[in-house]
Amino acid sequence: MQKKYVVALDQGTTSSRAIVFDHDANIVSVSQREFTQLYPNPGWVEHDPMEIWASQSSVLVEVLARAGIHSDEVAAIGITNQRETTVIWEKATGKPIYNAIVWQCRRSSEICEQLKAQGLEEYVRENTGLLLDPYFSGTKIKWILDNVPNARAQAERGELLFGTIDTWLVWKLTEGKVHVTDPTNAARTMLFNIHSLTWDNKLLEALDIPLSLLPEVKPSCSVYGTTRIAGEGSEIQVAGMAGDQQAALFGQLCVEPGMAKNTYGTGCFLLMNTGTKAVRSNHGLLTTVAVGPKGEVNYALEGSVFMGGATIQWLRDELGLIRDASDTEYFASKVADTNGVYLVPAFVGLGAPYWDPNARGALFGLTRGANRNHIIRAALESIAYQSKDLLDAMTKDSGVSLKRLKVDGGAVANDFLMQFQADITDVEVLRPSVCETTALGAAFLAGLAVGFWESVIELEHKACIDKHFIPNIDAETRVRLYAGWQDAVARTRA
């Protein structure tokens with residue numbers, strides 16, 4: 001039977017999804033299932049790994065059945081996933097010894113402080129590209145080994161396996177035959193040397209993690225094994241894998257140095273490809289691994305904003321200023337400007353490039369003439385200002401001035417926000433026709449690995465742009481508006 005499709009498994013923080021793409025990179029079928037969020041203690045976040053697998057395997061069956069697609073027609077399955085989330089399971093039984101500790105979980109803060117006391121902060125920064133933070137997998141692994149009865153003894157005997165979610169899914173898909181990850185996910189563990197592209201023995205020793213626990217690291221664009229859908233039909237190749245933000249970067253075909261994408265979700269994730277050069281940031285950004293045009297290792301600068309779409313949720317849920325997120329475009333467009341109002345949405349502190357956990361949200365410039373429309377417009381503009389903060393930091397670190405910014409995520413449907421983003425950054429903003437770029441990136445990697453597509457050049461003909469947003473304000477206005485934002489941020493941090 002002719003191979004007509006590639007399936008992307010998109011395992012996210014709140015739901016598991018499966019998306020079928022045809023040879024023209026069109027979406028044919030989508031299936032999605034949410035799963036349980038567990039909060040056993042303040043600041044702790046967990047998932048049940050078996051529920052993740054159940055939700056992901058069921059949507060894989062559903063997505064094909066819904067479109068009447070036979071498994072024989074599927075060329076490959078690609079994987080993209082929430083990064084950093086940590087699973088440890090028994091090699092013999094495949095049974096997790098503890099719930100998955102989610103990237104948001106802060107329980108290993110004390111372990112991070114111990115590593116800082118040992119003087120490892122600079123070593124971590126230099127060799128992994130990351131900050132010493134509980135966000136990343138390394139300290140989560142140590143917490144499980146230290147706190148689950150008998151776990152450390154089992155690990156020392158080589159009876160346990162660790163994986164981020166990509167590794168866990170491949171293990172389950174291949175029925176325990178393959179224990180593997182890719183460089184983009186390995187680079188988020190805080191255990192991976194991004195220069196030698198190997199596990200870092202000094203960090204493993206510092207955290208007392210046996211090497212036998214860790215998966216083999218294979219290229220993001222390669223075949224890892226085979227699977228059968230629900231144990232039936234012919235074998236399908238499991239091929240192509242990347243963490244969610246790197247998958248989106250590849251899905252946007254940002255495969256050359258200086259190309260960048262911004263994902264507008266709950267927060268914002270801005271990544272810039274820096275090619276074969278790992279650029280160290282002096283402005284609060286992370287240095288991480290990306291995927292090059294032939295599936296090889298490239299590097300990227302990454303910055304994250306905590307409050308993107310979440311700011312709009314606040315307008316809706318806490319202030320009651322809007323009924324739906326899409327209302328913001330209408331209200332923001334009813335006024336010519338914010339009337340001097342700035343919202344700094346530092347509800348949980350400020351992310352890159354400030355990294356100020358003590359900052360708190362504030363509205364500035366309120367006068368008797370300020371109304372609902374001005375506040376809504378200021379909220380939308382705050383997302384663009386924060387993204388400009390990241391973009392300026394990337395320009396300083398990389399020495400590359402961006403000319404075009406590719407965008408994806410839920411908020412890109414808002415034309416007002418996209419136009420203001422172009423205006424305030426003086427950069428052309430490109431919105432793709434297919435905004436499912438994370439899943440598309442996984443599909444591209446899988447399809448390239450098995451020859452479903454020949455090259456990135458072929459893919460460029462399939463990646464259509466829905467709309468170009470051209471900068472439309474003068475330099476003087478841009479400087480004045482951004483100076484107002486910088487002043488508001490400074491006051492928030494005072």
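Cβ from N, Cα, C; glycine included.
Going through Thr263, Thr266, Thr367 against Swiss-Prot, the one listed in the ADP site together with Thr13, Arg17, Gly309, Gly410, Asn414 turns out to be Thr266.
Just one of Tyr39, Tyr123, Tyr135 is listed by Swiss-Prot for the same glycerol site as Arg83, Glu84, Asp244, Gln245, and that one is Tyr135.
Spatially, by CA atoms, the binding-site residues Arg17, Glu84, Tyr135, Gln245, Asn414 include one closest to Gly309 (ATP binding site), and that is Asn414. For Gln245 (glycerol binding site), the count of additional Cβ atoms within 10 Å of its Cβ stands at 23 [all protein chains shown]. Straight-line distance linking the Cα atoms of Ser15 (ATP binding site) and Asp244 (sn-glycerol 3-phosphate binding site), rounded to a whole number, equals 13 Å. Here the binding residues for ATP are Thr13, Thr14, Ser15, Thr266, Gly309, Gln313, Gly410. Their largest Cα to Cα distance works out to 19 Å. Take Arg83, Glu84, Tyr135, Asp244, Gln245, the residues named in the record as contacts for glycerol: the widest Cα to Cα gap among them comes to 15 Å.
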